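First comes the structure, then the notes that go with it.
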Amino acid sequence: MERLKVELGERSYPIEIAAGLLQHAEVLTQTIKGKRVMIVTNTVVAPLYLERIVQLLSGYQVEHLILPDGEAYKTLATFERIMSALLETNHGRDTTLIALGGGVIGDVVGFAAASYQRGIPFIQVPTTLLSQVDSSVGGKTAVNHPLGKNMIGAFYQPRHVVIDTECLQTLPAREFAAGMAEVIKYGIIWDVEFFCWLEANMSRLQAQEPAALAYAIRRCCEIKADVVGQDETEHGVRALLNLGHTFGHAIEAEKGYGNWLHGEAVAAGTMLAANTALARGDVTEQQVDRIRALLLAANLPVTAPPEMDFAAFIRHMRRDKKVLEGKLRLVLPVGIGHAQVVADVSDAELLAVIESGRDE
């Protein structure tokens, strides 16, 4: 078993990674506070893993809430359902929430944990590749608003992240590919050696070879833990983790949450960011070609929706959380293995990149 730690002083917490972790009760019970537990999951994950988790927690008073599946339900209405379930059964601050599912479940349950009685403990049990390598680590919790993604939320750290890589065996191929967008992101912004490893081992990852999967997930979590330990609330280096997300969030909002998966939108956004960096001279054509080839090898889109024009992108991008003093700030690669936040990309530059990105 791999065990990492997010170093945040009194709010530090472990990340445990292994195949078959959800067969061992002590993995979960070591960080449960009190005797009451509420598991929140969705209609897809519940038939696969809910009963197993309930059995592991036989010594606790366990309740569960099963929510609809999908990004379309990452809303204040879903948040309110969790609040009501907790209130109706008189849960207190000694209750532990368990987020059993992908990124949507982790985000909305984390926000509920941050908000209920001003904060109760929660444990992340991510079941998708995207949530295992990214969203379960770092304490970003949120719901969407019709005008923008993740606009209502809080920074609130879990007590524990439990990553059972066997959960990926039940993941649909499209969801697995979407998770690879975040895996590739880490290589682009932080670790050129990891990027090269991904180029050499993508076929092993696609085949879900256990050793390759375990290494990729561990490396992503190492990078995420390092970044979050340096900058928990995204005032500095953590912003680099948003490579492709400003463009990607615009695609998700414009096309309707769930029609493009988050990872698919991030992949297309990553190519737009790479092409913006190319126009500025911060990457070479060869490096952009390598990024494109790796995304394609992971079965990810590399172009924006052809019907989505500059005006549609800008309308959503102006609401991005990284906007400061009215200036749009973009995360752009610097070669492969580094990235930067820039605030001087002109509308003319964006227009050229977006228009070419639709026709690529």
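The backbone N, Cα and C atoms fix where each Cβ goes, glycine too.
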Inset, instruction - According to Swiss-Prot, E182, H262 bind Zn(2+); so which of H160, H245 is the extra one listed there? - result: H245
Legend entry - Set of same-chain residues at least 6 away whose C-beta sits under 8 angstroms from T170 (NAD(+) binding site): L48, T127
Inset, instruction - Select the closest residue to H262 (Zn(2+) binding site) from the following binding-site residues, measuring between CA atoms: A72, G103, G106, C167. - result: G103
Legend entry - Fewest other C-beta atoms within 10 angstroms, as judged across G103, G106, which are the binding-site residues: G103
Legend entry - Conformational class of T128 (NAD(+) binding site) under the three-state DSSP mapping: coil
Legend entry - Which listed residue (A72, C167) has most other Cβ within 10 Å, given these are binding-site residues: C167
